[in-house]
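All remarks here apply to the structure that follows.
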Amino acid sequence: MKEFYISIETVGNNIVERYIDENGKERTREVEYLPTMFRHCKEESKYKDIYGKNCAPQKFPSMKDARDWMKRMEDIGLEALGMNDFKLAYISDTYGSEIVYDRKFVRVANCDIEVTGDKFPDPMKAEYEIDAITHYDSIDDRFYVFDLLNSMYGSVSKWDAKLAAKLDCEGGDEVPQEILDRVIYMPFDNERDMLMEYINLWEQKRPAIFTGWNIEGFDVPYIMNRVKMILGERSMKRFSPIGRVKSKLIQNMYGSKEIYSIDGVSILDYLDLYKKFAFTNLPSFSLESVAQHETKKGKLPYDGPINKLRETNHQRYISYNIIDVESVQAIDKIRGFIDLVLSMSYYAKMPFSGVMSPIKTWDAIIFNSLKGEHKVIPQQGSHVKQSFPGAFVFEPKPIARRYIMSFDLTSLYPSIIRQVNISPETIRGQFKVHPIHEYIAGTAPKPSDEYSCSPNGWMYDKHQEGIIPKEIAKVFFQRKDWKKKMFAEEMNAEAIKKIIMKGAGSCSTKPEVERYVKFSDDFLNELSNYTESVLNSLIEECEKAATLANTNQLNRKILINSLYGALGNIHFRYYDLRNATAITIFGQVGIQWIARKINEYLNKVCGTNDEDFIAAGDTDSVYVCVDKVIEKVGLDRFKEQNDLVEFMNQFGKKKMEPMIDVAYRELCDYMNNREHLMHMDREAISCPPLGSKGVGGFWKAKKRYALNVYDMEDKRFAEPHLKIMGMETQQSSTPKAVQEALEESIRRILQEGEESVQEYYKNFEKEYRQLDYKVIAEVKTANDIAKYDDKGWPGFKCPFHIRGVLTYRRAVSGLGVAPILDGNKVMVLPLREGNPFGDKCIAWPSGTELPKEIRSDVLSWIDHSTLFQKSFVKPLAGMCESAGMDYEEKASLDFLFG
């Protein structure tokens, strides 16, 4: 095994590195780092900048000397080239071309603390005792539980692991035994001893990564401030292997908060990781909501406010603390974000926390790539922020579309960068620009026979591959590999579902399965011998593997797309507005070019004139309505649903895709590009079930549509998949029950027709008043509470949900419940006139129960009619109008005319 780093810090002129040695042991070394920078020179040199100019290395005796030299160069107007982030330079110098790491040696700690107080504990003040800490260690695979038995709020008895294992009805907490077997429980009589022992644990088992849910915003600052208050600043600094713990106040739209860094340890808040890498929009990002969504298990339930739980049920309090930590572990097992951070960090050769910034990530990737070629990176420049054009989105008609095929360009912006060869050093000048519609129509003159061009007017070298295209290609192929793995697992899951539908067998021994490989026909035939239980467990394994692969491919997609964004970001070393504009304008022309070509082709096939077959389209895809094609061949030729879907599939593969490829090759030749990389493949096949009254698909507006998809990228579904975009079902503000009801309504619109929708509407209207209040409440984000707070009452132009927040504050005053802060998600219910709360609505923290002291009053005054009309009827009416149907049966006068 080779050495690999787990932490890099600068201390004066030295680098302090924590690393894993060849025997898997953690070591620390302090190195006097001698950086090398570069300047332009006239003499011939093996070192060149990205433009081919000669560069001379400048080796410095210390990092301070290097920084002083850079400042002097700036003062006289000369460029100081090379990597000025000496942590990145050190990693590159020390570890060379590729870092091979072993995840099992990287110590990851996952922590959650509990604090009991009269009011919600402020981490900046840390005025209440920490009375419980659960700290999970990945190398030990143990939960270290620190329990304060005697506090200012009274004494409690020890937590009992045997009782924790029992069922709730037996007075237990239903904590799984496999978790309890890994708990090391440590009770303490006073907080001072508990905190000292916790610091000792840190020093003995110091994490490389410290994570947990919202630890950056709460747990870390509370622990640091509390330790500083009780044990002193020297004790607080013991958390850092180099004795350096720093804090800073940051201002955001919600006010100020204190953020701590523990040098030598990477603090990665799992809430931040989830928000950045999950691409999942939820009504609440509380741990309970996310855990329920990801693992189908919530937090442990308890009665009353959390600040009373320790004294009323200390046993549940500690079990609750343990399960909170386990919930984060369970989410990571599914999502794999810690592994993602490690793989991206070691690929880029940068500290773990850098992956949160795509600009830092790409700076490191490009630096290391160029270094291997003796190329020197440019100095970070200073630029004025300017806007540039975005993508083109087609304006769809708000109507139903029965037969739809979508076609999608593979990684559009990265492909444009590679096709045109867009990079700072490949720019070769300008050509005379014609109006964009002339390039779309192909009537403008060919810009150049020598250089690769973009319709924004800039020309690029065709022969030497640019640094930006070269690096983006590497990550592109990584993403392609992960997407292939994801696709294999998804196809396997669908294949097993079809086996279950045909009837399972009797074998109950689970077979060995090779991950990320598509099952062979022989293996699928063999699977028909297994029981439904075994097959369902295999489906679950396939879906988990697909989720992990999806995380990896999605985040590589975001990384390669972020390079386009970085090119237009003034803080990026390779910022160039000409390049950012070249990408977007080429994209605008490219998508409208193919829309023109598709219309020309289908008008010819169908024998029509000027028919617009493009139902919709956006940055990198078009949705083609093939109703006329189906009309031409005749719907009666299809005996089964799969016959129709397969016809559309073959038409897409054998007719449309080749035509599209030829069209994009024409564009490549027209722009004289380096290579043809605009590859557009068939994505979705959407249609109603054969013989049904469903509409198949409909659009409401740009990027707002619903499709009944039978095949997605050659993955044939056992049951049609609803592809819903931009509708209220996707919005986190829509109540959970209404989301589900709207989704079912959409399914009926697409698959069954008007009568079915009307029947469902009548039934749901009756059920609505009986639903739990939490699933019908709207979800909003509470911002600018203080702005609209007029002595506890709503001020001028106060938003509806902020009125609810103020109502809640008045109602719970003195109850000791957690306050609603700016930025918190809240659930909102309208109230009927005459209610005891004195306003139109009430709002409380999302994902929680209303306090029992006010719950019954709120429930008896809910304005169900207003809420039903606003949250369900209004969006449903818009959908039905677009689909050409009514959600309610309308009275008719037809009977008068016989």
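A Cβ is built for glycine as well, from the same backbone N, Cα and C atoms used for every other residue.
Feature annotation from Swiss-Prot assigns Mg(2+) 4 binding site to D408, L409, D620; the stated evidence is sequence analysis. The Cβ of D408 (Mg(2+) 4 binding site) lies under 8 Å from the Cβ of D620, S621, M680, D681, E683, each of which sits 6+ residues away along the same chain.
For S411, L412, Y413, R479, K557, the entry in Swiss-Prot reads substrate binding site. Counting only same-chain residues six or more apart in sequence, the Cβ atoms lying under 8 angstroms from the Cβ of Y413 (substrate binding site) belong to I560, N561, Y564, I583, G587.
Positions annotated as region '3'-5'exonuclease' by Swiss-Prot: 101-337.
According to Swiss-Prot, the region 'Beta hairpin' annotation covers 245-261, on the basis of experimental evidence.
Summarising the annotation, Swiss-Prot assigns region 'Polymerase' to 377-898.
As annotated by Swiss-Prot, region 'Binding of DNA in B-conformation' applies to 702-705, with the evidence given as sequence analysis. Non-local neighbours of the region 'Binding of DNA in B-conformation' (702-705) in the same chain are 393-396, 616, 618, 623, 723-727; each lies 6+ residues outside the stretch with a CB under 8 Å from one of its CB atoms.
According to Swiss-Prot, the feature region 'Interaction with the polymerase clamp' maps to 893-898. Looking just at the region 'Interaction with the polymerase clamp' (893-898), the mean pLDDT is 52.
Long-range Cβ contacts of D711 (site 'Essential for viral replication') within its own chain (separation 6+, distance under 8 Å): V645, M648, N649, A684, I685, F717. The DSSP secondary structure for D711 (site 'Essential for viral replication') is strand. What Swiss-Prot lists as site 'Essential for viral replication' is D711.
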DSSP three-state call for L409 (Mg(2+) 4 binding site): helix, strand or coil?
strand
Using the CB centroid of D408, L409, D620 as the Mg(2+) 4 site centre, which other residues of the same chain sit with their CB within 8 A?
F407, T410, L412, I591, T619, S621, M680
Between K557 (substrate binding site) and L409 (Mg(2+) 4 binding site): CA-CA distance (Å):
13
Once the chains shown are all counted, how many other Cβ atoms turn up within 10 Å of the Cβ of L409 (Mg(2+) 4 binding site)?
24
What is the number of other Cβ atoms found within 10 Å of the Cβ of R479 (substrate binding site)?
22
To see if you understand the setup: which same-chain residues, six or more apart in sequence, place their Cβ under 8 Å from that of K557 (substrate binding site)?
S411, R479
Surrounding the recorded substrate site, with Cβ no more than 8 Å from the Cβ centroid of S411, L412, Y413, R479, K557 and those residues left out, we find T410, P414, S415, F476, I560, N561
DSSP helix, strand and coil counts for the region 'Binding of DNA in B-conformation' (702-705)?
0 helix, 2 strand, 2 coil
According to DSSP, does D620 (Mg(2+) 4 binding site) fall in a helix, a strand, or coil?
coil
